[in-house]
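Since the structure comes first, as structure tokens, the remarks are kept for the end.
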Ligand code: ASP
């Protein structure tokens with residue numbers, strides 16, 4: 001039995017907008033992170049698997065409208081939602097993922113079903129929804145994913161795209177945050193510079209690691225765009241021999257750097273620690289191509305690291321029997 005069981009989660013990385021932060025909003029984020037960590041912690045304390053802990057944590061994060069996954073997902077350029085998710089079991093190296101789904105309530109549960117019941121790893125769009133339907137997953141009307149805050153954020157991104165190129169983020173965000181019509185003026189992280197993907201990584205008492213990641217993608221993305229999140233090795237990776245990783249950030253750069261797998265590969269080939277490998281990917285390799293964001297990772301010894309190169313990342317970790325630790329800023 002491994003006594004180092006631990007779960008870590010993230011709710012996305014981004015630029016802090018301190019001017020528009022209220023202590024109430026900050027407390028709400030901490031409470032949401034704390035509740036999700038407590039649920040994951042209970043599963044691990046009861047001897048549950050890392051796979052169960054990460055899928056339940058991400059399911060809860062998807063159901064929470066504060067985060068950009070499931071309910072609360074961002075809008076595409078067509079004013080729709082397209083959701084991506086992936087999950088991987090470090091004990092077996094089995095993986096499942098889905099992308100561009102529009103009506104599956106919990107994309108992470110569909111990804112888990114792909115892992116368990118399919119010879120394939122990744123399904124897209126209609127095929128992914130057909131697979132989910134055939135396996136009895138819950139479907140919702142597209143309106144289920146709508147939140148006023150994300151809709152407003154999309155309208156700003158759509159209408160001010162040109163202006164965004166001409167202004168720095170703080171100016172634009174500052175203007176929007178003082179707008180009386182803004183339904184979400186108190187989000188601690190600048191919604192215009194925020195990556196709200198959610199993810200979880202865990203080590204269970206049996207010594208296995210797992211990772212799960214889920215997202216609505218980036219605001220105003222083109223229809224059919226797929227980011228790093230559902231790609232094994234880019235947004236999600238797990239191998240007992242090295243570590244479990246879930247990422248958040250500018251997906252195109254995380255794809256080009258094969259970011260999640262790179263952490264594991266550096267541990268395997270350079271024989272560096274989890275922390276050193278993760279630090280190198282986030283602080284050295286991603287910035288080379290202007291990759292912004294962060295990741296969470298655990299290894300089979302129970303080490304945890306949560307590096308990010310943005311001003312903040314919603315994050316936390318918990319070990320059975322200990323009080324969960326949550327944080328937003330540096
Ligand atoms: N990585 C995600 C994507 O590019 C975005 C995020 O982390 O919020 O789809």
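Residue 1 is the first one shown; counting continues down the chain.
Backbone N, Cα and C atoms are what each Cβ position is placed from, and that goes for glycine too.
Here's what TrEMBL has on this protein:
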- 197: active site, nucleophile (ACT_SITE)
- 225, 226, 227, 228, 248, 249, 250, 251: substrate binding site (BINDING)
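All features noted in TrEMBL, drawn onto the structure.
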residue	record	Cβ contacts under 8 Å, 6 or more apart
197	active site, nucleophile	10, 12, 68, 69, 213, 214, 215, 229, 235, 247, 248, 249
225	substrate binding site	76, 82, 217, 218
226	substrate binding site	84, 99, 100, 124, 217
227	substrate binding site	84, 215, 217, 218, 221, 235, 251, 252, 254, 255
228	substrate binding site	234, 235, 247, 249, 251, 252, 254, 255, 259, 260
250	substrate binding site	195, 218, 290, 291, 292, 293
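Residues from the binding-site residues list (225, 226, 228) with a C-beta closer than 6 Å to any atom of ligand 1: 228. In the three-state DSSP scheme, residue 248 (substrate binding site) is classed as strand. When other Cβ atoms within 10 Å of the Cβ of residue 249 (substrate binding site) are tallied across all protein chains shown, the result is 28. Cβ-based neighbour count (10 Å, all protein chains) for residue 251 (substrate binding site) stands at 28.
The Cβ neighbour count for residue 248 (substrate binding site), using a 10 Å radius and every protein chain shown, is 33. Among the residues 225, 226, 227, 228, 248, 249, 250, 251 said to bind substrate, no two Cα atoms are farther apart than 16 Å.
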